[in-house]
Structure formats: structure tokens, C-alpha cells
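Q: What follows is a structure written as C-alpha cells; I'll ask about it next.
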Amino acid sequence: MSKNYRAELVGAFGNPIDENPTGVMEEAAFAAKGLNFRYLTVKVEKDDLEAAMNGVKAFNMKGINLTIPHKVNVLKYLDELSEAASIIGAVNMVVNKDGKLWGENTDGKGFLISLKNEGVSVEGKQVVILGAGGAARAIGVECALAGAKKIIIVNRNRERGEELAGLISDKTAAACEYVEWNSSYQVADGTDIFINATCIGLYPDVNSKPDVDYDTVKPGMAVSDVVFNDPNTLFLQEAAKRGAHTINGLGMLVNQGALNFTLWTGVEAPVDVMVDTLKKEFGL
Ligand code: NDP
């Protein structure tokens, strides 16, 4: 009987990448499902992306995650894009389909699953998003595609904020407006879901919180943070003090990882194993 000594390869390309915990989570999931897959955490400089993507094909890798600074630049090396990825204009994962590279963005989808797991649906809701960077773009577009009624983008840089609001208004059915963030933000009346999609509060900046008038956060409002390191951000602590339903960034991280797992392997992801592995990794 012939044996197969070859593992299927996936991984992540980025820089900085050393502190990215995704590989530990995915490898634990492969082991739990008895899959001979390896997840490689690879440092790839900005100018080396073309060579690295050729490597994905040359090594017959099943796919790859992209992180800073490659999420937009990688588009020119892909053969196909999902609908969401083409609207967002960025991908965080690629599947190698028999030599053709297909790009998808699972950040926003993972975020929506983390809300759903907490009993929160975006359909017909008013959503306020702080930030207009990569995470905010993915979340904003997915909320719109999932039927949010109105989306308000609150961002410091006007150009970036207006660009995202215009994109959502033009390409989806949701109404979207931009609000400049130049003083303490007062959460708009009628808001159901309030999201921090900036990096404020990300380790080591754990003593910072977004400049918000937290007394405008209403009891029962769903308040979520994309920051997962440390997951108990000051933003969420302030919202919890006002009676909000808080949802931390670990759910988004796990669920985008679970979607990637399934897209690469065709197997349902062992989400519990992934959650436990990440919690252990963060000492929770
Ligand atoms: P980007 O660099 O693309 O965007 C950063 C955003 O934060 C911009 O809108 C920027 O505003 C805003 N911002 C940064 N500092 C400040 C400040 N002091 N005051 C006001 N606004 C500020 O980053 P990403 O979108 O890629 O990442 C954002 C966060 O999302 C990171 O913490 C990342 O770890 C997290 N993330 C979490 C994921 C998860 O699975 N939980 C997945 C992906 C990302 P401006 O435009 O004005 O500069």
C-alpha cells in the first residue's frame, strides 16, 4: 500500500506577522479533524508579494491568508473575486482552485457570525461604525449586503470616510452617510448596533478608548469591538457600564478563521476547538 507523506499547505503572508496567532488556531482545527494540513506563518515584504503568490501556485498550496500590507495589493495576482471582495476591494484569503486563485474577504462575514451567535441580526437595523480602514470596509459592506437599513461611518480622515460611505451607497441597497470625527462622538438616535472598527485599544495601546460620549450608548444597544488583543477593551467596558450588550473581537477572529478552514478543506470547522485554542493562547 502506498503512503502519502505530502501535507496540504495553507498559511498567511504579511509583515509584521510574528505575533499573528491564526496558525495555532488553524493547526489545532486541522488536528481535531484529522486533516494532514500545515499552516505556515510567513513574513513577506511589500515588494515580494508577486513572488510569494507565484509560490502559492508553484507549491500547489490550497490557499493563503493575506494580512498587512497585502490585502489590497494582492488583487492584481488573482484570477477571480467573490462579490463581497470585489465591492470591498480587498481580500483576506485566497483559495487555489486547480491553479486559479480566487479571492474572498471573510473578515466582515466572520464579524456577522459573531453577532448572530449573540442573537444579534443586522437586518433592518441602524449600524454605526467607527473607522473606515480595512476592517471597517469589510464590516460595512457585509452589513449592507445582509440588509442593514442605515449605516453611519464615523471617521477622522474625511476622504477615507466619504469614500467608504459613497461605496456602500452606490453598490448596495443600504443608505449610508459619513460623519466627521473631530470631537467626542455622540451615538446617533435610533442606533441598534455600534462598532469600533479602529485599532484604538489594540495591545499595547490598552489604556486608550475611542473618543465617544459614552452616555449616548443606550441600554440594550449591541456594542462590538474588532480589537481582540486584549478582548476586554475600555470601549466595551464603558458600553457595558451603560447596559449595552457587548461582543468582543475574538468571535470575529475565530469565525473568519472557521470560514477560511472550510473554504480550504471543504470540511466543517471545529469552532469550539478554535475558540478554546485562542483563549488558551491569550491566557483567558
Ligand atoms: P486600518 O489601518 O486599515 O484602519 C485603521 C482605522 O482606525 C482608520 O479608519 C483610522 O482612521 C482609525 N484610527 C486609528 N487610530 C485612530 C485614532 N487615534 N483616532 C481615530 N481613528 C483612528 O486598520 P484595519 O482596519 O486593518 O484594522 C483595524 C483593527 O481591526 C485592528 O485593531 C485589527 O487588529 C482589527 N481587526 C480585527 C479582526 C478580527 O478578526 N477581530 C480582523 C481584522 C482586523 P483614519 O482613517 O482617520 O486614519
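Placement of Cβ uses the backbone N, Cα and C atoms for every residue, glycine included.
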Q: If TrEMBL gives ASN92, ASP107, GLN256 as binding shikimate, which of THR67, THR216, THR233 does it give for that site as well?
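A: The one candidate that TrEMBL places in that shikimate site: THR67.
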Q: Just name the most isolated of the binding-site residues THR67, ASN92, GLN256, going by other Cβ atoms within 10 Å of its Cβ.
A: THR67
Q: I'd like to confirm something. Which of the binding-site residues, GLY131, GLY133, VAL226, has a Cα closest to the Cα of LYS71 (active site, proton acceptor)?
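A: So, spelling it out, the nearest of the binding-site residues is GLY133.
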Q: Check the Cα distances from ALA135 (NADP(+) binding site) to each of the binding-site residues THR67, ASP107, GLN256 and keep only the ones within 10 Å.
A: ASP107
Q: Using a 6 Å cut-off on Cβ distance, which of the recorded positions THR67, LYS71, GLU83, ASN92, GLY134 come close to any atom of ligand 1?
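A: Among THR67, LYS71, GLU83, ASN92, GLY134, near ligand 1: GLY134.
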Q: Just name the most isolated of the binding-site residues GLY133, GLY134, GLY249, going by other Cβ atoms within 10 Å of its Cβ.
A: GLY133
